[in-house]
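Asker: Not my notes, these are from Swiss-Prot:
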- 373: active site, N6-AMP-lysine intermediate (ACT_SITE)
- 295, 296, 297, 298, 299, 346, 347, 371, 394, 434, 550, 574: NAD(+) binding site (BINDING)
- 668, 671, 687, 693: Zn(2+) binding site (BINDING)
- 857-938: domain 'BRCT' (DOMAIN)
- 1-260: region 'Unknown' (REGION)
- 261-938: region 'DNA ligase' (REGION)
């Protein structure tokens, strides 16, 4: 057996759930404080009056409300303020604050209706509050039955389920609402019980007098009142976002085609945004809360983001999650912060034999240790004079949560170390380990959890992470947690010569070490261990998601050092994803921006590689035939840590004769036009109704609004569909001519009363602001085939004017560096179409800038040079380093070849650095790169 089958996961992530801290909507009474784990701390009803803990809140006063029910503690706040001003710190907020339980997940579920993802109707949240890239762009005005959005119903509208015109909340009627100065408001009625709100005992909320808040009843949605409101309150799964019922399959494929310069390259920015948001979201959950995906899934997403940034340096931003360790402890944490004595780093990953051997070649050692990578939760223990002083989570690597009380009830963690003659107890010892639930105990833990009225954990890793953060140590004790040590941080009085010696000492002191750790001396032996555990990964006591390889000699470890996030002397080999089977219920098609009609599989939900999936792209009808899948088949599904699952093929032996063949539609499902391939040899069938097909137009509008083009926050997929459905836009030409009067015909951008809402006002403001933008962004927004950001920058940089571009001969355009004849001809062909030219003319008439201002040209120190940048640079972002090269006449390339003149290597440099060494290319550090920029020489 070889490692050929143990390949690196790839793909893209769509539908990321954001992690924003604060969003203010100008000129409305609504402000969202978004977080991932919140406590209901305070509730302050006010209606243009004076309300506070003592009924004395005036505009500008510091309002803190009153603690709720005795058990609600924490820093997150739930305010609903109508027309009053609250001072929160130094910020006076003359707006309403709504802090929804568990943040955006609830917003997501509320806006999109039930899990089936139906279109929002009156009585639900009105407005496109979720951007197609997964970002909150504005809280919408909350429209609800009988105009109650003008009162306190907006607070309730963020709870699970949807409000409808009949005032039903998932089958349960709402109680009476009586907002007003000094009056009570109640949330009761039929209550929120099993039949009304998916579980839990009835709960009634009352606002009393001048702002007090009382909680009656025991549970809301099965979550104890007075405790922590978390994901269990609504069962939202970000991997099944109703808001993104299925990523447009042609967009999925567009993302995967990022290696060539096509019109689809602008999708890369969206792909990066989605991946980054997903990483940030799950990183926070992973380190600070209840994880929703396993370690393997998180690491695969992280690697995708790293690879994408390496391949396309222009995508990254300064605060990219690829430069950080863990996640900061949130203000909403129930635990105190504690600093690690020595920084707690992460691990870099490899996914195939080539990458592993490359690392081994770069990291020669006399002996390596191979250890199973436990799929659990990292823990940091500090012993002082042999006594357990404190335990903490990883946090951001420097500061974690103090979980000492919970650690003391884990049987594997000794309260006092045992000294031996060979290994006396150090004065200070910081131990690193992993907490987990044994596989054989997981089913029993889940069974007990269900019996207690809770929801089952998705996997042992999530169970361990959630258990370790319980507030009551007695609850932790019931979870059968185990711990295995895997290293030492800071120590006084103990300096081992090797990692192996450290493990011998830990075991002697009474700390558990792994029986699976082995020492090997050659690269081939390391590979053999990887192969062995690939076949025996389910034989271990615990779940494992890889094999960790460490340089054994401590002196060598110190010499190798570490990057900002991981040691250079250790690597984690990640195994390929799980493969599971499920039923293929149906095959449907979707229409993308370019008219490509793409089939996708609808499957019975199945858990694979850390999340539940129910849809997968099938690319085109030829692929459906190649895979041999029939509707009704049991199919094999693989998910390599990315969000996009893959249907590998059918389990033919399980067919019972009821399966049927998929018939590709003859007509576009969006507009009814006859479908056909552009050329006879094309595998993709397209809708020819380019201008008016609602499916294509909505995708183009969303693309125009994306960060790679005009970056119009308030225009997302739902908003685009609404503008088309209501006849407000017939093509993209009229986008910048939209007026408030036009938006009155919208469902998304108006209130139930018929006025333009906050999202509508923000859309108009965004459009006005974005009229003054760079020419290259305008070119990208036109969706000209093959003209992505790279070609657009090159053309705009050379001609600086749309008119000059249009007038330029095709041969001259083709001479532009990085363009060529294919792109040049595509550009000229696009302008041959009347309605295409009308888009440019109409935008220009509306005030969209069609030329770049003249700027002083920098000295062309890099003229004729091709430069590749890999890894992070301290003084540059991904975008700025590319701009620095291009503006000085150089070519910023994304791949290393013999034609590359220089390779600039920063932190966390990837395989490009290795390839540069193999090719004998000149490698520069950041200092040398800066000299090259300034002088043209190194």
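Each position is counted from 1, following the chain as shown.
Cβ coordinates come from backbone N, Cα and C, glycine included.
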Asker: Within 8 Å of the Cβ centre of 668, 671, 687, 693, which other residues of the chain have their Cβ, at the recorded Zn(2+) site?
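Answerer: For the Zn(2+) site, the extra neighbours are 591, 595, 669, 670, 672, 673, 675, 688, 689, 692, 694, 695, 696.
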Asker: About how far apart, in whole Å, are the alpha carbons (Cα) of residue 347 (NAD(+) binding site) and residue 668 (Zn(2+) binding site)?
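Answerer: Their Cα atoms are separated by 48 Å.
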Asker: Using Cβ-Cβ distances, find the residues under 8 Å from residue 693 (Zn(2+) binding site) that belong to the same chain and are at least 6 apart in sequence, listing them in sequence order.
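Answerer: Correct list: 591, 595, 668, 670, 671, 673, 687.
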Asker: Identify, among the binding-site residues 671, 687, the residue whose Cβ has the fewest other Cβ atoms within 10 Å in this structure.
Answerer: 671
Asker: What count of other C-beta atoms do you get within 10 angstroms of the C-beta of residue 299 (NAD(+) binding site), across all chains shown?
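Answerer: Excluding its own Cβ, the number within 10 Å is 25.
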Asker: Looking only at C-alpha atoms, tell me how far residue 299 (NAD(+) binding site) is from residue 373 (active site, N6-AMP-lysine intermediate), rounded to the nearest Å.
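Answerer: So the Cα of residue 373 (active site, N6-AMP-lysine intermediate) lies 12 Å away from that of residue 299 (NAD(+) binding site).
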Asker: Which secondary structure state does DSSP assign to residue 347 (NAD(+) binding site), in the simple three-class scheme?
Answerer: coil
Asker: For residue 394 (NAD(+) binding site) and residue 373 (active site, N6-AMP-lysine intermediate), what Cα-Cα distance in Å is obtained after rounding to a whole number?
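Answerer: Given the Cα positions, residue 394 (NAD(+) binding site) is 16 Å from residue 373 (active site, N6-AMP-lysine intermediate).
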Asker: Same chain only, sequence gap of 6 or more: which residues have a CB within under 8 Å of the CB of residue 550 (NAD(+) binding site)?
Answerer: 368, 369, 371, 499, 557, 569, 570
Asker: Counting other Cβ atoms within 10 Å, pick out the least crowded of the binding-site residues 347, 668.
Answerer: 347
Asker: What three-state secondary structure does DSSP assign to residue 671 (Zn(2+) binding site)?
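Answerer: In three-state terms, residue 671 (Zn(2+) binding site) counts as coil.
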Asker: Please work out the helix, strand and coil residue numbers for the domain 'BRCT' (857-938) from the DSSP assignment.
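Answerer: Helix (H, G, I), strand (E, B), coil: 28 helix, 17 strand, 37 coil.
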Asker: Among all protein chains shown, how many Cβ atoms are found within 10 Å of the Cβ of residue 394 (NAD(+) binding site), not counting that one?
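Answerer: 25, counting other Cβ atoms within 10 Å of residue 394 (NAD(+) binding site).
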